[in-house]
Amino acid sequence: MDGLMTAVVKQYHKEGADIVKKEIPKIGPDEVLIKVKATSICGTDVHIYVWNEWAKSRIKPPKTMGHEFVGEVVEIGENVTSVKVGDLVSAETHIVCGKCRACRTGNAHICENTLILGVDTDGAFAEYIKVPESNVWINDKNIPLEILSIQEPLGNAVHTVFSGDVVGKSVAVIGCGPIGMMAIPLLKRTGAAAIFAIEPADYRRELAHKLGATRVINPLREDVVSIIKSETEGYGADVVLDFSGNPTAIRQGLEYIAKGGRMSILGLPDNEVPIDITNNVVFKGITIQGITGRRMYDTWYTVKGLLKSGLAEDLKPIITHTFPLTEYQKGMELMIKGQCGKVVLYP
């Protein structure tokens, strides 16, 4: 397909991004061209926009931003057989090699040669995006576009929540950004006994309560450890899920986690996190898990089933703002201030 399209591009090594006109991507024999119908803003996009230290070390401008999306297939390569023009699709954002040890042992989500849409390759903040056929996920057309556009981060939440048992457990959710928020209805739907949402932003605490948290805690004003201990008969939380990457919050989590408990960490700390391994890990007999992305493609099938069973309706309050793609800056500002849930853009 020839022609120009509108895209949000990180053009320079500095804060911000630009709306530009650029050529519609040309696909190869194993690729698919997708017309983007909706795309959502991720925390990674914010990092790239504000140009933090991670972005400076990873991003090579010019780069079209964005990686969470839903769209319609408009062109397929000559070797493509599993996708057809007209399919409503999203995409796994980790483009993997399929040849390294991780890929060959069922751990493609931690492929040693991963490329990420909107980070290493041009992304979805555009009218069109190209992706490998192997990354395309065919959607259920009965699910709203806004919900389909957030399946990638929802997959992160699903991977984190279900990396262990949560049924009948007391669960602490650290950080109620969009992915942390998604964990709450997941936990509620699957039978967690208590859900503690730990979040400093007033807006997000209110939304966490609306989504089903049994107790919301402001860590800047309340004693998180005492509250969780007192509401779990002194035992502590069976499961601690960190979506914040905040070193203080992670250390606190190790204080209020129950003996034999599980901590799963998706959040990315900016600095090293000193912890008391002897008393809070070894003597407590806990398990600490690092979570990266989505298990490919187990997590996607789980997401599909959950959305079909009613989770799509549960998630609607998380999408708090929508804008045309050309007004992406409004969404970025809301994300930076923590005054939103999920922000969806329409090209």
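Cβ coordinates are placed from backbone N, Cα and C, and glycine is handled just like the others.
As given in Swiss-Prot:
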ACT_SITE  Thr44  active site, charge relay system
ACT_SITE  His47  active site, charge relay system
BINDING   Cys42, His67, Glu68  Zn(2+) 1 binding site
BINDING   Cys97, Cys100, Cys103, Cys111  Zn(2+) 2 binding site
BINDING   Ile179, Glu199, Arg204, Leu266, Gly267, Leu268, Ile291, Thr292  NAD(+) binding site
(request) Measuring Cα to Cα, tell me the gap between Leu266 (NAD(+) binding site) and Glu68 (Zn(2+) 1 binding site) in whole angstrom. (result) 17
(message) To see if you understand the setup: which same-chain residues, six or more apart in sequence, place their Cβ under 8 Å from that of His47 (active site, charge relay system)?
(response) Trp54, Ala55
(request) Please list residues from the chain of Cys100 (Zn(2+) 2 binding site) whose Cβ is under 8 angstroms from its Cβ, counting only those at least six apart in sequence. (result) Cys111, Glu112, Asn113
(message) Quick check for you: of the recorded positions Thr44, Cys97, Cys103, Gly267, Leu268, which have their Cα within 10 Å of the Cα of His67 (Zn(2+) 1 binding site)?
(response) Thr44
(request) Give the sequence-ordered set of same-chain residues, not counting Cys97, Cys100, Cys103, Cys111, with Cβ within 8 Å of the centre of the Cβ atoms defining the Zn(2+) 2 site. (result) Val96, Gly98, Lys99, Arg101, Ala102, Arg104, Ala108, Glu112, Asn113, Thr114
(request) State the three-class DSSP label for Ile179 (NAD(+) binding site), counting H, G and I as helix, E and B as strand, and everything else as coil. (result) helix
(request) Round to a whole number and give the Cα-to-Cα distance in Å for the pair Glu68 (Zn(2+) 1 binding site) and Cys103 (Zn(2+) 2 binding site). (result) 23
(message) For Cys103 (Zn(2+) 2 binding site), which of the three DSSP-derived states applies: helix, strand, or coil?
(response) helix
(request) Measure from the Cβ of Gly267 (NAD(+) binding site) and count the other Cβ atoms within 10 Å, all protein chains considered. (result) 21
(message) I need the nearest neighbour of Cys42 (Zn(2+) 1 binding site) among the binding-site residues Cys97, Cys103, Ile179, Glu199, Gly267, using C-alpha distances.
(response) Ile179
(request) Give the number of CB atoms, excluding that of Leu268 (NAD(+) binding site) itself, located within 10 Å of its CB. (result) 14
